[in-house]
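Quick notes on the structure that follows.
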Amino acid sequence: MRLKRIIVVCGLIISLFLLLIPPPAGLTVSGKNAFAIFIISLTLWVTNIIPLAMTSLLGMALIPLLGVMDVEESFSLFGNKAIFFILGALILAAGIQKTGLGVRIAYRILLFFDGSANNLIGGILTTAALLSCIMPEHAVAALLFPIVIQISRSLNLKPMESQLGKALFLSLAWGAVIGGITTYLGGARNLLAVDILQKNYHISIGFVNWILMALPIPIIILILAYFTITYFFKPEITDSVEAKKKLEKIMGNQGQLSKSEKKLIAVLIMVILMWLLLSSRVDIAITALLGGVAIFVLDIVKWKDIVDYVNWGVIFMYGGAIVVASSLSITGAAAWLSSTIFSSISVSPFIFIAVITLVTKLLTEGISNVAAVAIILPLAFSWGEISQINPIATTLAVALSGGLAFCLPMGTPPNAIAFSAGYYRISDVLKVGVILNIISWVVVLLISKFYWPLLGINL
């Protein structure tokens, strides 16, 4: 607690200093103040001195108070589509939990990954990663979330205490994040990066070519993530026999699929098909909300079920975090920071890739990965031209590192969804997340140095 207070005091001092000094050249007063708000918010999120949701709401209040943006503009940013995707996903998860369908699926997963608890961790991690290759990583986290909840309850894992519980939910989040960089289907940032490349250089990267260039990175990181998770979160139980017996007993009482379960399966099939086939036309957040409404219309759940199940604190936390992070983009503060780091000095290709990937990874922990790519990639192109860097390599480096956020729940929706279960604190994940960030950074550097040239992508 003493260390946390020291961190908060340091954050307050830095923030007050920024508020009092004149802005440096190229940075507006509103941008400077946005940095101050972001720093104090970040220290409060990391230390969890006050509830995370309250920190986000504090940031939202400070933005208009300090003249960063007006009230209407700042509060309207809370309506970001990511918020409503998470809400729709949690409503669907409540339906899976309420009907008992989650018990059936959890039982099948336990049977498939029969053996040690580490097998179960690896199974969740791999399943999430594979699914994120063919559908948005947000959707994968939403789909697997109620299943992991049911498995954790069947194993009697205590929230905040169980090491296996922490490992399972981090496997869910990180598996989705890692797998999401493999194809265009995993996340919007990949397509955005290629679109920026096309507009600037009239060069395109095909679907198969992207997979060929990206594939070694998620494979290597996934393996290292498994060993990292199992090393830092050693399961307190060795097998899942008792959980399977408990689920067998519950399933015996359930009998055949109920009418509610059948209706829910129909809704889930439609939602998954829309995520897979129509995500380019119908945003995945809209699909999630339509699915959430459908389970009410079909009388699968009641409003009280949703109120009791959904972690509303995460909704406020993520929404407020988006407002705080967006203020950095809107005021030009993020672009100023990136342009300051990306100097006009010519550097070696390896140093160039190391710098842009590191900056991208740091930025994507605080703002959405799409915003991080949109801010950094054009600036990286400008700097890369001075150093004569292949723009394809620049695009890959920024897009791939931009998708790998492991520390904070506000970094990406899969992290927020997993965090909403309440099985781990930010302090639990911070140390391991930093290690995985370093690992993934090094992997991207090595692949860019030794593998991409084999495909004709020289730095």
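For all residues, glycine too, the Cβ spot is worked out from N, Cα and C.
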Where TrEMBL places transmembrane segment among the ranges 132-149, 366-383: 366-383
Criterion met for the transmembrane segment (389-408) and the transmembrane segment (341-359) (at least three Cβ pairs under 8 Å): yes
The transmembrane segment (207-233) and the transmembrane segment (429-452) contact flag, 3+ Cβ pairs under 8 angstroms: yes
Cβ contacts the transmembrane segment (313-335)/the transmembrane segment (34-63), at least three under 8 Å, sequence gap 6 or more: yes
Same-chain residues at least 6 beyond the ends of the transmembrane segment (366-383) whose Cβ lies under 8 Å from its Cβ atoms: 38, 42, 82, 187-189, 192-193, 196-197, 200-201, 322, 325-326, 328-329, 334-335, 338-339, 342-344, 352, 356, 359-360, 391, 394-395, 397-399, 402-403, 405, 408, 410-412
Cβ-Cβ under 8 Å with the transmembrane segment (75-97): same-chain residues at least 6 beyond its ends: 60, 64, 105, 138-139, 141-142, 145-147, 149-150, 264, 267-268, 271, 283-285, 287-292, 295, 300-301, 305-306, 309-311, 314-315, 318-320, 322-323, 326, 368, 413, 416-417, 420
